[in-house]
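Only one structure is covered here, and it is reproduced in the block below.
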Amino acid sequence: MRIAGVEMMREIDRIAVEEIGIPAPVLMENAALACIRNLDLTKGYFVVVCGRGNNGGDGFAIARHLYCMDKEVDVFYISEGSDYKTETRTNFRILKRLGVPMIPLSSETMWSFREALKDADVVIDSLVGTGVAKPLRDFLRQVIQEININSKYVLSVDVPSGMNADNGETMGQVIDADMTVTFQCMKRGFLNYDAMSKLGRVIVENIGIPGPVEAKAEKGEFLTDHALARSLVPLRDKTGFKSNYGKVLVVAGSSGFTGAALICTEAAISTGSGLVTLCSREEVFQSLVLRLKEAMSIHPDDLEDGTGRADVVVFGPGLGAGDVTFDMLLRVIKSMQENGGRSKTLLLDADGLNVLKDRTEILTHLDFNVILTPHVGEMSRLCGLSSEVIQKNRIDTARSFAQEHKCIVVLKGYNTVITDGKTAYVNPTGSSAMAQGGMGDALAGIIGSLCGQGLEPLEAAILGTYLHGYIGDELAGENYIVKASEIIEAIPGCMKRLQDSKR
Ligand SMILES: NC(=O)C1=CN([C@@H]2O[C@H](COP(=O)(O)OP(=O)(O)OC[C@H]3O[C@@H](n4cnc5c(N)ncnc54)[C@H](O)[C@@H]3O)[C@@H](O)[C@H]2O)[C@@H](O)CC1
Ligand SMILES: Nc1ncnc2c1ncn2[C@@H]1O[C@H](COP(=O)(O)OP(=O)(O)O)[C@@H](O)[C@H]1O
Ligand SMILES: [K+]
């Protein structure tokens with residue numbers, strides 16, 4: 001599914017109407033019906049609040065459908081300002097002719113508006129949508145405030161009025177919606193962490209604009225969906241042999257951090273790697289070796305040998321952030337440069353990222369693929385921006401770092417961003433039930449394993465993050481929190497279900 005901002009939505013609309021010839025009233029009608037589909041139609045009394053742009057037009061059309069269904073409907077509308085757009089005027093006039101109660105909003109009618117809001121089972125917010133990206137006029141702010149104070153349940157049409165669809169910021173006052181039915185694309189602003197509390201449940205509805213039309217206006221930003229993830233799960237050949245499913249070397253684990261090494265290694269095994277080998281720091285090597293079952297091990301003195309044999313090296317979980325780790329990384333990089341090429345991948349996680357602080361230029365001239373999997377703190381160390389700035393600009397931060405350093409960045413957290421600098425995918429799965437030590441180590445093992453099984457690094461990162469969160473969501477359905485070891489146990493079953501699923 002594509003992610004769009006204001007300009008992209010306007011362009012999609014223009015192409016659909018002007019170049020393809022889909023009549024604008026058809027789109028408005030589809031938008032209205034999409035909202036009707038998501039309304040609780042067992043309710044009896046609806047208040048529709050309309051602005052003067054096309055968002056208001058959607059609201060007038062929604063009111064007509066509710067009227068057709070014999071619902072009690074009152075329409076309040078903004079009567080001052082610019083002239084109605086054509087389709088909005090058409091829908092306004094139809095309602096007038098039908099005799100649907102229509103009340104212009106003004107200081108004189110504010111009292112009856114307030115009473116209607118209090119009585120309404122559902123309030124439909126059709127004040128403004130993607131057409132406004134500047135501070136709202138005072139009167140509109142007052143109307144929004146009244147809706148927020150007095151309503152039981154609000155459905156926002158396309159965008160909660162007052163939210164900037166580009167960045168999620170509030171333009172003076174914003175509707176606090178219970179549900180947002182947004183059209184055609186996920187809006188970029190909805191991904192802003194601060195905006196999320198205003199959206200309620202978000203439903204993205206197709207309003208009849210074909211994918212190729214969207215593609216003409218696209219800006220390379222997508223939300224990973226189930227169909228995409230399913231299509232990426234590798235098929236296992238009937239005659240497959242372990243060497244067909246990738247050799248993964250995990251370089252992880254130091255004193256006090258042995259769990260990270262085991263979790264990462266076992267995640268790679270459970271995701272389907274043919275051969276997984278663990279190399280850890282000298283001081284924990286013997287104790288870790290005793291705990292391995294399916295995985296093999298190599299002593300840190302043999303790091304170059306192990307790297308040479310591997311298709312993928314996952315480097316960093318629990319390895320320690322000091323010079324020893326940096327030296328190990330340089331050895332791995334040197335060995336990969338000598339035996340590398342684009343069929344090999346280095347995934348850097350945790351301390352593998354921390355040792356790159358102020359040294360990220362190392363990444364720019366490598367001949368093999370590089371994937372970085374930072375959480376926001378690690379990203380901050382890598383790029384020098386504060387966590388607050390990064391969290392407000394997650395897609396842009398990850399994208400420009402990936403572009404500059406010619407690598408793939410997986411910026412973890414709610415709505416993990418995966419990008420190669422050209423395109424960016426936002427992962428919708430996972431929740432704070434997964435916010436626990438070890439979870440990132442499991443993700444690193446999963447993505448590394450998928451690279452070894454032949455997926456392109458970007459694909460491996462897209463599927464790996466989706467799968468990791470999808471398993472987390474399944475387990476969180478019945479559990480307050482989810483442990484990394486539970487994720488690992490559930491990987492094979494979940495990959496099978498994902499592959500077999502029809503959605
Ligand atoms: N393909 C599409 O993109 C479609 C879009 N539709 C709807 O159209 C909406 C976009 O419509 P528009 O571009 O007409 O814009 P909006 O309806 O979002 O807003 C424009 C209106 O807001 C008012 N306004 C502008 N600046 C303001 C300010 N500072 N303070 C207060 N009010 C202000 C003006 O009256 C203006 O007409 C979408 O959000 C969606 O709901 C649907 O009708 C179906 C098709
Ligand atoms: N609120 C959340 N929503 C979705 N995913 C989350 C959330 N919190 C944590 N996660 C996921 O859990 C993992 C945690 O990784 P990380 O912070 O590196 O943990 P650790 O370093 O302890 O292994 C990441 O994949 C992250 O995206
Ligand atoms: K709206």
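FYI, residue positions are counted from 1 along the chain as it appears here.
Glycine is treated like the rest: Cβ placed from N, Cα and C.
AMP is bound by K412, G413, Y414, N415, T416 in TrEMBL, and the record lists one more residue there from G384, G438, G440, which is G440. K(+) binds N55, D125 as TrEMBL records it, and from the list S82, S161, S197, S231 the residue named for this site is S161. In sequence order, V49, G51, G56, G59, S126, L127, V128, G129, S156, V157, D158, V159, P160, G162, I175 are the residues of the same chain, not among N55, D125, S161, whose CB sits within 8 A of the CB centroid for the K(+) site. The least crowded of the binding-site residues G57, G413, G440, judged by other CB atoms within 10 A of its own CB, is G413. Compute the center of the Cβ atoms of K412, G413, Y414, N415, T416, G440, which mark the site for AMP; besides them, the chain residues with Cβ within 8 Å of that center are H375, L411, V417, N427, G430, T465. Ranked by CA distance from D125 (K(+) binding site), the binding-site residues A133, D158, G413, G440 have D158 at the top as the closest.
Residue pair K412 (AMP binding site) / S161 (K(+) binding site) shows a Cα separation of 30 Å. Checked against ligand 1, the binding-site residues N54, A133, Y414, N415, T416, G440 give N54 as the ones with a Cβ under 6 Å from it, listed in sequence order.
Ligand 2 lies under 6 Å from the Cβ of the following binding-site residues, listed in sequence order from H375, K412, G413, N415, T416, G440: H375, K412, G413, T416, G440.
Only N55, D125, S161 of the binding-site residues listed as N55, G57, D125, S161, G413, G440 bring a Cβ under 6 Å of any atom of ligand 3; the order follows the sequence.
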